[in-house]
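Notes follow the structure.
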Amino acid sequence: MAASGLLEPILVTGGTGMVGQNLREHPALSGARLLMPGRAELDLRDAAAVRAYMQLHRPATVIHAAGKVGGIQANMRDPAGFLIENLDLGRNVITAAVEAGASVVLNLASSCIYPRDRTTLLREEDLLTGPLEPTNEGYALAKIAVLKLAAYLDAASEATSLKSVIPCNLFGRHDNFKPASSHLLPAIIQKVHGAIQTGAESVEIWGDGTARREFLFATDFADAVVHCLQNFDAMPDLMNIGLGFDYSINEYYQTVADVLGYAGGFHHDLDRPVGMARKVVDVSRLDAMGWKPRHDLKQAVGLTYEFFLRSAV
Ligand SMILES: NC(=O)c1ccc[n+]([C@@H]2O[C@H](COP(=O)([O-])OP(=O)(O)OC[C@H]3O[C@@H](n4cnc5c(N)ncnc54)[C@H](OP(=O)(O)O)[C@@H]3O)[C@@H](O)[C@H]2O)c1
């Protein structure tokens, strides 16, 4: 065991993504023996290449954070692509890690795997108890199949312990700020920043802004992942990682305005779609592991804005 409390070397798939980059920046991982091959070095769809990579490097810890990820439009356009790629990636990484004798495998699922119709906090036991949200069903089915595969191999393997976490929505440093494909928080930061630049008196909000969303800061998510790995024996086989509460869209806009110093107003376009139903994960299992987020919403928005400004230069 290294000074970080983690078993090294550590392979992070999806190292160029938001989660991968936030893991790389975690203090416990600076100085750790990290393997973060990009797609050009290792295309995770290629099972033989993944197997050869694992046999060569023999990671002790594998964090599977790669995935084909996209918004509603992309998911609706190509459900087969989201299903096949995420299934292939998960299967290739997890089976090769077990074959190569990794000690620990942590697989990342997503809270979209829960039934669509729940109005209560989403508990891990709710998995597979109702129909999925149709707009991202292909993606969710792949995530469910991979976490089940991890659970089956965990039961069958002497040498490898495999567990999965279910993150809620994430935002933060290394987020996607491209206007055409960004998610809620980076899109709000873009819009409010743009309004400051142009001196606009008002920023448009789609719908009435009362819809609620749970977003965890990606730096905190990376910290939760490290905490899980440092306490892997105590960690449940399947665990939500989130805040356990949410904010309204209006609250997100107001917080961004406060942090960025935008003094203008907001107006609502009530003809625009409001989107999905409320979805908040239950964090009882995470609480029991003694982990709490380190940043409140204002701090998280401030650090994300700093990153946005620096990367826009
Ligand atoms: N962001 C969220 O709100 C959120 C919420 C819940 C769960 N998650 C899960 O967390 C994980 C990481 O998400 P993220 O936000 O970091 O996504 P992201 O920024 O889109 O990063 C995805 C990563 O996967 C890599 N990847 C995809 N296909 C690959 C392939 N064939 N070979 C090698 N690498 C490949 C990408 O590499 P390229 O750069 O080369 O494409 C990128 O590094 C995903 O499994 C996602 O489902 C994310």
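Keep in mind that glycine also has a Cβ here, set from the backbone N, Cα and C atoms.
What TrEMBL says about this one:
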DOMAIN    10-242  domain 'NAD-dependent epimerase/dehydratase'
BINDING   14-20, 108-111, Lys143, 167-170, His183  NADP(+) binding site
SITE      Ser110  site 'Important for catalytic activity'
SITE      Cys112  site 'Important for catalytic activity'
ACT_SITE  Tyr139  active site, proton donor/acceptor
BINDING   Lys191, Trp206, Arg213  substrate binding site
TODO: Would you list, in sequence order, the residues of this chain other than Lys191, Trp206, Arg213 that have their CB within 8 A of the centroid of the site's CB atoms, where the site is the one recorded for substrate?
DONE: Leu184, Ala187, Ile188, Ile205, Gly209, Ile249, Tyr252, Tyr253
Task: Nearest of the recorded positions (Cys112, Tyr139, Lys191, Trp206, Arg213) to Pro167 (NADP(+) binding site), judged by Cα-Cα distance - done: Cys112
Task: Neighbourhood of Ser110 (NADP(+) binding site), C-beta criterion under 8 angstroms, separation at least six - done: Tyr139, Ala140, Lys143, Ile166, Pro167
TODO: Looking at substrate and its recorded binding residues Lys191, Trp206, Arg213, figure out the farthest C-alpha pair and report it in angstrom, whole number.
DONE: 18
Task: Nearest recorded site to Lys191 (substrate binding site) by CA-CA distance, among recorded positions Gly14, Gly17, Gly20, Cys112, Leu170 - done: Leu170
TODO: Provide, as an integer number of angstrom, the distance between the C-alpha atoms of Leu170 (NADP(+) binding site) and Trp206 (substrate binding site).
DONE: 20
Task: The one of Tyr139, Trp206 whose CB sees the fewest other CB atoms within 10 Å, among these recorded positions - done: Trp206
TODO: Find the one among the binding-site residues Gly14, Gly17, Gly20, Trp206, Arg213 whose C-alpha lies closest to that of Cys112 (site 'Important for catalytic activity').
DONE: Arg213
Open item on the list: Please identify, from the binding-site residues Lys191, Arg213, the residue with the sparsest Cβ neighbourhood, meaning fewest other Cβ atoms within 10 angstroms.
Closed with: Lys191
TODO: Could you check which of the binding-site residues (Gly14, Gly17, Gly20) sits closest to Trp206 (substrate binding site), going Cα to Cα?
DONE: Gly17
